[in-house]
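The structure under discussion is supplied below as structure tokens; questions concerning it will follow.
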Amino acid sequence: IAINISVLCETSKYNSVLPKAASLIHQVYLIQVISTNSVNPDTIFANNEMSLRDIEIYGFDYDYTLAFYSSHLHTLIFNIARDILISKHRYPEGLRKYEYIPNFAVRGLHYDVQKALLMKIDAFHYIQLGTVYRGLNPVPDEEVIAMYEGSHVPLEIMSDFYGKSTHGHTMKQFMDIFSLPEMTLLSCVNDFFMRHNIDYEPVHLYKDVKEAIRDVHVKGIMYRAKYVCYGEQSHAVLKKLSEHGKKMFLITNSPFDFVNRGMTYIVGKDWRELFDVVIVQADKPSFFNDRRKPFRRVTDKGALLWDRIHRLDKGQIYKQGNLYEFLRLTGWRGSKVLYFGDHIYSDLADLTLKHGWRTGAIIPELRKEIKIMNTEQYVHVMTWLQSLTGLIEQMQVHRDPASQAVVDEWIREREAMKPQTKDIFNAQFGSLFRTYHNPTYFSRRLSRFADIYMASISCLLNYDLQHTFFPRRTPLQHESPFWPEYSPAGLNVSSRLHRSKAESD
Ligand SMILES: [Mg+2]
């Protein structure tokens with residue numbers, strides 16, 4: 001990087017900015033030093049200070065929290081839903097040649113139901129240009145800007161609090177890991193219709209795909225398949241908590257039979273002894289809101305019993321119910337309870353906002369993204385990007401034509417680097433957590449609803465149960481960073497880096 005700047009400065013037309021730019025070289029070097037600290041993918045990250053010392057009761061979601069599935073399951077969901085579209089909804093036979101594309105979509109994307117566009121939106125409701133897809137092809141920026149009269153999406157058309165699209169809310173957000181095949185199927189069918197110039201109604205398509213995917217889940221087609229792939233180290237985590245005398249419970253939307261087979265595989269036949277309460281088919285998020293649904297006992301064979309529930313007993317299986325009743329029967333209230341889930345909205349939002357339990361988000365994608373961020377290539381790109389931003393910020397005040405020419409060149413270079421910072425994560429949509437410079441809509445929700453977040457529940461094995469998680473105290477935009485400034489001329493490049501970290505929080 002230093003060499004890059006030197007080369008820039010040696011060119012005669014850059015003479016006017018040479019002294020200033022040269023003085024920045026050592027700051028760039030400092031950034032390099034700061035940013036080469038690699039992050040351990042098994043770290044638990046804190047949005048909010050929390051001590052495990054205070055936690056007496058641990059609760060878990062099941063799918064993608066305790067049990068993980070191979071991407072093979074996504075292929076299966078895609079194939080079955082595609083075939084349902086053809087056989088039940090009379091979609092064209094030609095769709096059958098579309099296969100699941102494993103790395104097409106990322107979680108947290110928004111889908112404009114009326115315009116049939118899949119896209120990534122940032123924390124300020126701006127569309128990340130370059131990530132808008134119609135079918136399997138990107139939509140040119142100019143076309144996006146014309147359609148949305150800019151790139152801002154008004155609140156009125158964003159999906160509701162749970163990511164669902166209701167009347168008038170045409171932007172649906174896909175938050176579930178199971179929604180990866182759904183997004184891919186939508187894109188494939190859109191692609192087919194456009195390729196063949198078929199006039200179709202995107203709203204009907206969205207509803208039909210949603211229904212076909214729901215059929216795969218609800219009608220149990222998926223539950224009959226044996227696709228529990230691995231439990232990572234879920235068993236070791238549960239054992240550790242149990243050995244430390246912690247209470248544990250499970251609240252899942254999946255049916256008992258499915259959970260039982262998975263947990264037997266992950267933990268063993270006696271898995272139920274680890275849990276004080278097991279709730280299946282809970283119907284989250286309405287489980288957290290709807291006081292009316294009573295708990296119902298289910299036998300091992302799946303038969304529903306009719307007796308009124310006065311206690312939630314260990315060893316028994318309960319279906320549905322609601323959180324208010326759960327709190328009344330167990331007395332497990334407030335910040336001594338920590339609940340883990342992978343769905344930021346339906347698992348964690350209400351607990352944080354209404355009920356005061358502590359929350360832990362399981363974000364499996366973190367592991368892959370951190371590994372990418374630790375690569376030399378990524379560190380190099382980001383260091384140069386931050387350096388350029390710092391150079392532009394400082395040098396823009398020089399209004400003479402020669403200096404402006406250099407600054408303009410830097411601005412163009414910064415623009416040209418954007419695709420690199422995106423494509424390194426996913427060629428279509430980039431990182432789950434960032435648009436080019438901002439946190440994503442997903443990131444913002446994550447930081448609001450999760451006290452802590454991690455790639456897998458197994459990260460808990462790296463900490464003892466007295467550990468306190470402290471969020472990094474990053475300076476707010478109006479606060480000065482705590483380490484000394486290196487340049488007498490106000491803001492310097494290293495403080496830019498520090499600020500960009502603050503933005504991500
Ligand atoms: Mg889940």
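Cβ coordinates are placed from backbone N, Cα and C, and glycine is handled just like the others.
Note that TrEMBL annotation is computational and uncurated.
Copying in the features that TrEMBL gives for the protein in this structure:
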- ASP61: active site, nucleophile (ACT_SITE)
- ASP61, ASP342: Mg(2+) binding site (BINDING)
- ASP63: active site, proton donor (ACT_SITE)
- ASP63: GMP binding site (BINDING)
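Let's see these features in context: how buried, what's close, how far.
A sphere of 10 angstroms centred on the C-beta of ASP61 (active site, nucleophile) encloses 25 other C-beta atoms.
Classification of ASP63 (active site, proton donor) by DSSP places it within a strand. The Cβ of ASP63 (active site, proton donor) has TYR69, ILE177, PHE178, THR252, ASN253, SER254, ASP342 as same-chain neighbours under 8 Å, each 6 or more residues away in sequence.
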How many neighbouring Cβ atoms, not counting its own, are there within 10 Å of the Cβ of ASP342 (Mg(2+) binding site)?
25
